Amino acid sequence: MQNITQSWFVQGMIKATTDAWLKGWDERNGGNLTLRLDDADIAPYHDNFHAQPRYIPLSQPMPLLANTPFIVTGSGKFFRNVQLDPAANLGVVKVDSDGAGYHILWGLTNEAVPTSELPAHFLSHCERIKATNGKDRVIMHCHATNLIALTYVLENDTAVFTRQLWEGSTECLVVFPDGVGILPWMVPGTDEIGQATAQEMQKHSLVLWPFHGVFGSGPTLDETFGLIDTAEKSAQVLVKVYSMGGMKQTISREELIALGQRFGVTPLASALAL
C-alpha cells in the first residue's frame with residue numbers, strides 16, 4: 001500500500017506551510033492553503049482513505065468544482081505543526097457531484113474540519129479557473145508582515161498600492177503585472193469576504209486584506225509562494241525606505257514600460273498611469 005504522506009501533494013503542502021511559518025507569515029493558526037488536485041493524483045491512495053468519509057455541506061453550491069479533489073489545511077491548525085503530523089493538520093476533500101458539499105477522504109483526524117476560509121478559497125478557485133483556463137490550482141492566504149504594515153500607511157487603492165510595489169523591487173512588475181487587488185476591511189471567515197476576494201481574483205492574482213493579510217493564486221505551490229514572497233520583499237524594502245525618510249529617486253514610468261516590453265507582460269494600466 002502506498003502511503004499518501006509520501007505523495008507529491010502532501011509533501012508539497014508540508015514544505016509550503018513550513019516555509020511560510022519560517023518566514024513569520026503564519027503565527028498560531030493564521031493562514032490557510034488549498035491545492036486543487038485531479039482524480040489521478042489521489043487514485044493510488046484509496047487504501048489510505050477513511051472508511052466512512054464525513055460529509056460537510058457548503059454554504060453555497062459551487063457546481064464548477066463538482067467532483068474535484070483538493071488538499072486543504074485544517075481549521076484552527078498551526079502551520080508549524082503540519083510537518084509533525086500531516087494527517088491531523090491537512091485533509092484531502094472531494095466536492096460532490098452537484099457542488100453542494102464535500103467529503104473528507106483523508107486526514108483532518110479527530111473530527112477536524114477544513115479552514116474557516118474555505119468559502120473564500122473555493123470561490124477564488126472558481127474565478128481563477130475561469131481567468132486562467134484552469135492553469136491556476138493554488139490559493140494561499142497568509143499574514144505577510146510588511147504587506148500588512150503598508151496597508152496602514154499607503155492609500156488602500158489598487159493602482160497606488162501596485163505602483164508602489166512595482167517601484168519597490170524591479171522584478172515585481174514582471175511577476176505580477178496584473179497588480180494587487182485590495183478589499184476594504186471585512187470580517188474574515190464569511191461568505192461576504194469570500195465573494196469580495198473572488199471578485200478581485202477575476203483581475204488579480206494577489207489580493208490584499210487590509211490590516212490582516214494577503215491572498216495569492218498560482219499554478220503550483222512554488223509559484224504561488226514565490227508570488228507572495230516577491231510582493232513581501234518589495235513591501236519590506238518600502239518599509240525601510242519610508243523609515244529612512246522616503247524615496248529620493250525611483251523607477252520611472254518610462255522604465256516600467258520598458259520593463260514590461262522586455263519581458264512580454266502588460267502592466268496594469270491604472271497603476272502605470274500614476
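The backbone N, Cα and C atoms fix where each Cβ goes, and this holds for glycine too.
Swiss-Prot lists His141, His143 as Zn(2+)-binding residues, and of the candidates His50, His204, His212 the one it assigns to that same site is His212. Within the same chain, residues at least six positions away from Glu117 (active site) with a Cβ under 8 Å of its Cβ are Asn32, His141, Pro188, Gly189, Gly194. Same-chain residues at least 6 positions away in sequence with a Cβ under 8 Å from that of His143 (Zn(2+) binding site) are, in sequence order, Trp25, Asp26, Glu27, Gly30, Gly31, His212, Gly213, Val214. Candidate binding-site residues: His141, His212. Fewest other C-beta atoms within 10 angstroms, His212.
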